[in-house]
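Visitor: So TrEMBL lists the following for this protein:
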type     : residues : note
COMPBIAS : 601-610  : compositional bias 'Basic and acidic residues'
DOMAIN   : 21-72    : domain 'RING-type'
DOMAIN   : 195-237  : domain 'B box-type'
DOMAIN   : 344-401  : domain 'COS'
DOMAIN   : 404-499  : domain 'Fibronectin type-III'
DOMAIN   : 484-709  : domain 'B30.2/SPRY'
REGION   : 594-614  : region 'Disordered'
Amino acid sequence: MEGDASDSQVTIKNIEKELICPACKELFTHPLILPCQHSICHKCVKELLLSLDDSFNDVASDNSNPSSPRLRLTSPSMDKIDKISRPGWKRNSLTPRPTTFPCPGCEHDVDLGERGVSGLFRNFTLETIVERYRQAARAATAIMCDLCKPPPQESTKSCMDCSASYCNECFKIYHPWGTVKAQHEYVGPTTNFRPKILMCPEHETERINMYCELCRRPVCHLCKLGGNHSNHRVTTMSSAYKTLKEKLSKDIDFLISKEGQVKSQISELNLLMKETECNGERAKEEALTHFEKLFEILEDRKSSVLKAIDASKKLRLDKFHTQVEEYQGLLENNGLVGYAQEVLKETDQSCFVQTAKQLHLRIQKATESLKSFRPAAQASFEDYVVNTSKQTEVLGELSFFSSGIDIPEINEEQSKVYNNALINWHQPEKDKADSYVLEYRKISRDEEMMPWNQLEVHDTSKVVSNLESNSHYAFRVRAYRGSICSPCSRELVLHTPPAPVFSFLFDEKCGYNNEHLLLNLKRDRVESRAGFNVLLAAERIQVGYYTSLDYIIGDVGISKGKHFWACRVEPYSYLVKVGVASSDKLQEWLRSPRDAASPRYEQDSGHDSGSEDTCFDSSQPFTLVTIGMKKFFIPKSPTSSNEPENRVLPMPTSIGIFLDCDKGRVSFYDMDHMKCLYERQVDCSHTMYPAFALMGSGGIQLEEPITAKYLEYEEDV
């Protein structure tokens, strides 16, 4: 028996980590079972709710007073917890009470519903185990009698009905033979009292007598009859008890039977840890050896280069010194000039001629050197600049030996950036990797090296979200097979749009001409069928037929902020216009083409035609640019060249439109290079809509956002 008792104590002590509340990191106190089946202390639940309540009130006060700073969340005081625990305490009915919070155990959001904390079960089993642990931890600490006069005696029994502990004398006094109290249930000394009958938290007067198999929780008969579990499959409590106990017993027996295997695997893991430690240190030593060799080579090359520079510098300085000495002799008080002045003092003609002839030649040579001055050496060391660009690139790619894994190649054509960034890469089948790591970072304008962000990917594509607008990002990828990784791929730089992407579809209810325009079911593509109608209307060759612009707009308007969207114009298109239009002008736009007051009366509509020449600086309530015949036509403007050859550009694959309502400006971009092709002021006093127009044969496809169908979904745990 003594051996069994000691084994029980050891077992109890070994499960301490299972008895720690995930919120307060202390032993459970009156634990409650959350809907996610994790347990948490009663006081911890209230603290979490009060923290959320304070946060909610802080946000509300911030919204009402924008100048007030947001306060940090602090743990609620015990006064607040006591206040919320009082039966008579009520909140203001106008203030919503938070009931949802993340479980500290699994971090999933749990909703307590209208009943809040009072709707949760107490985990009495866990309470009992915690109490046994406390007693094992304080084996020498006795539980004293609750009814003794001071000093209290050590208790010998605890009454579960009275929730109190008694010594022998007090138990006889308060539980005399022949009375009702004599029939109470009593156990050994304990501080853990729980009711003999588990009551339903939803219906406080009803006993728990059934088990809901769908919700996996005990319920009462009222929950089944008309409550939240009326349509759920339930079973009797005895059946649930038997089934769950059998399953738990089998699981425990299985684990116990595998104890030898677990110990063997633990030993193997410990050996692997030691081996990993040794191999890691050995790998570090080998890496240091390789780097030391590189350092030796660099030191040797550095010494040779510096010696060559010093030798060249000495040779050049010697030449300069010699040249300086020669020119010093040309000065009045030095050398040749002084000697010549002395020769001039000779009065004997024959002696003078004998000496002056040679001196004249020397002076004549010195005079010529003054006329064509040339330094004896070069001061520049341009020929001695060390070119390390290639070596720097190689060292930058320095990595572990790839063991035959080729470097992945990012597919630039299939990689794009719009509302998110979609990066695609290719890996040869023979070198198929287990996983990849996609790295990306923002390229700072001040050339500050931003840290790389890393994403683990198990496919050859990945969507990267939460990128900043109007920024350059560099992307690279490397492959992994087991513990071996390949070097990084060549970097791909993408430029994000200048503003958040604006989502809309074509509007088939506002001025849509279904005789000339064909809209697909998804409402993201429109085609013009006007060219076919022209042929049908031309009965005789002498008869012309006037073709008008057919307009279509987006189904969502813009009244403020910065927005960006893009579209693709089919290369075969004859004439297409894209841009923005003001809501107060839409009625004029959508009049009959035969109405001279309508912008549709003229082919160019006056929107970006020659009429703009007279009103360059005025803000227009509409702006359209023309695309057609694989060309992009820039409207006339006073700030740019209006020569025809300077106003015609090749048609971009995708055209972006950036509308800044706050500044009243619209810009048109080449999406391939995120380059602004044209911009101008626009009147944004009314709601603005994306606007399009087609003449003749043509087609417009809205740029498809990088939506959820590209994303990788992980299985729910």
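Glycine is no exception: its Cβ is also placed from the backbone N, Cα and C atoms.
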Visitor: Sequence-remote contacts (6 or more beyond its ends) of the domain 'B box-type' (195-237), Cβ cut-off under 8 Å?
Guide: 33, 37, 115, 118-121, 124, 160-161, 185, 243
Visitor: Could you count the residues of the domain 'B box-type' (195-237) that DSSP puts in helix, in strand and in coil?
Guide: 7 helix, 11 strand, 25 coil
Visitor: By DSSP assignment, list the helix, strand and coil residue numbers for the domain 'COS' (344-401), in that order.
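Guide: Tallying H, G and I as helix, E and B as strand, the rest coil: 34 helix, 0 strand, 24 coil.
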Visitor: Tell me, what is the mean pLDDT of the domain 'RING-type' (21-72)?
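Guide: Computed over the domain 'RING-type' (21-72), the mean pLDDT is 69 on the 0 to 100 scale.
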